[in-house]
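K.L.:
Take a look at what Swiss-Prot says about it:
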| type | residues | note |
| --- | --- | --- |
| MOD_RES | M1 | N-acetylmethionine |
| DOMAIN | 16-51 | domain 'EF-hand 1' |
| DOMAIN | 52-87 | domain 'EF-hand 2' |
| BINDING | D65, D67, S69, T71, E76 | Ca(2+) 1 binding site |
| DOMAIN | 92-127 | domain 'EF-hand 3' |
| MOD_RES | S98 | phosphoserine |
| BINDING | D105, N107, D109, Y111, E116 | Ca(2+) 2 binding site |
| DOMAIN | 128-161 | domain 'EF-hand 4' |
| BINDING | D141, N143, D145, R147, E152 | Ca(2+) 3 binding site |
Amino acid sequence: MDDIYKAAVEQLTEEQKNEFKAAFDIFVLGAEDGCISTKELGKVMRMLGQNPTPEELQEMIDEVDEDGSGTVDFDEFLVMMVRCMKDDSKGKSEEELSDLFRMFDKNADGYIDLEELKIMLQATGETITEDDIEELMKDGDKNNDGRIDYDEFLEFMKGVE
């Protein structure tokens, strides 16, 4: 693995790491070894708004799966996400972000409230405190109305690109 990508992982914000961890954990729920299979990897990356081609995905897998196990742990996954973010200089498309917003907006009212955010984060099986959830909400809720609208979500996601 390139040291440059490992160094870039260190530059990720806690919010970015939490978002990546939440997505990763959804697919690792049944795995005893804490790793996801390479075939699940594309699904996780698409969930996070990345859209690697099968060739790009295989290239990234070959790069991080040094032992040939066919699985990727969270640290390897972070390196892959940094690489994909770097390669995807345009960031997430409007359509991908819209899909992600709808995934969080369970009741389809056009807002992500604290409860919806909590449900999505707890679905990962990861231990996350109320304070962590409230901090994420505060970071995303720029007008302090207690919920994240689509424009706030887009602004928040710019920091993830």
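A Cβ is built for glycine as well, from the same backbone N, Cα and C atoms used for every other residue.
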K.L.:
If one looks at the chain holding D105 (Ca(2+) 2 binding site), which residues at least 6 apart in sequence have a CB under 8 angstroms from its CB?
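P.N.:
Set apart from D105 (Ca(2+) 2 binding site) by at least 6 residues yet with Cβ under 8 Å, we have Y111, I112, E116.
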K.L.:
Taking the Cβ of R147 (Ca(2+) 3 binding site) as the centre, count every other Cβ atom within 10 Å, in any protein chain shown.
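P.N.:
R147 (Ca(2+) 3 binding site): 20 neighbouring Cβ atoms within 10 Å.
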K.L.:
Whole-number answer please: how many Å between the C-alpha atoms of D65 (Ca(2+) 1 binding site) and D141 (Ca(2+) 3 binding site)?
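P.N.:
Between the Cα atoms of D65 (Ca(2+) 1 binding site) and D141 (Ca(2+) 3 binding site), the distance comes to 38 Å.
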K.L.:
Would you mind ranking the binding-site residues D65, D67, D109, D145, E152 by how many other Cβ atoms sit within 10 Å of each Cβ and giving me the lowest?
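P.N.:
Among the binding-site residues D65, D67, D109, D145, E152, the lowest count of other Cβ atoms within 10 Å belongs to D67.
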K.L.:
Starting from D67 (Ca(2+) 1 binding site), work out which of the recorded positions listed here (S98, D141, D145, R147) have their Cα within 10 Å, and give them in sequence order.
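P.N.:
So far as Cα distances go, none of the recorded positions lies within 10 Å of D67 (Ca(2+) 1 binding site).
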K.L.:
Between S69 (Ca(2+) 1 binding site) and E152 (Ca(2+) 3 binding site), what C-alpha distance do you get in Å?
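P.N.:
Computed Cα spacing between S69 (Ca(2+) 1 binding site) and E152 (Ca(2+) 3 binding site) is 40 Å.
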K.L.:
Is D65 (Ca(2+) 1 binding site) helix, strand or coil when read with DSSP?
P.N.:
coil
K.L.:
Looking at the recorded positions T71, S98, N107, D109, whose Cα is closest in space to that of E152 (Ca(2+) 3 binding site)?
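P.N.:
Closest recorded candidate to E152 (Ca(2+) 3 binding site) by Cα: S98.
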K.L.:
Looking at the recorded positions T71, S98, E116, D141, which sits with the largest number of other Cβ atoms within 10 Å of its Cβ?
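P.N.:
Selected residue: D141.
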K.L.:
Suppose we draw a 10 Å sphere around the Cβ of S69 (Ca(2+) 1 binding site). How many other Cβ atoms does it contain, all chains included?
P.N.:
12
K.L.:
By DSSP assignment, list the helix, strand and coil residue numbers for the domain 'EF-hand 3' (92-127), in that order.
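P.N.:
Going by DSSP assignments, the domain 'EF-hand 3' (92-127) contains 20 helix, 3 strand, 13 coil.
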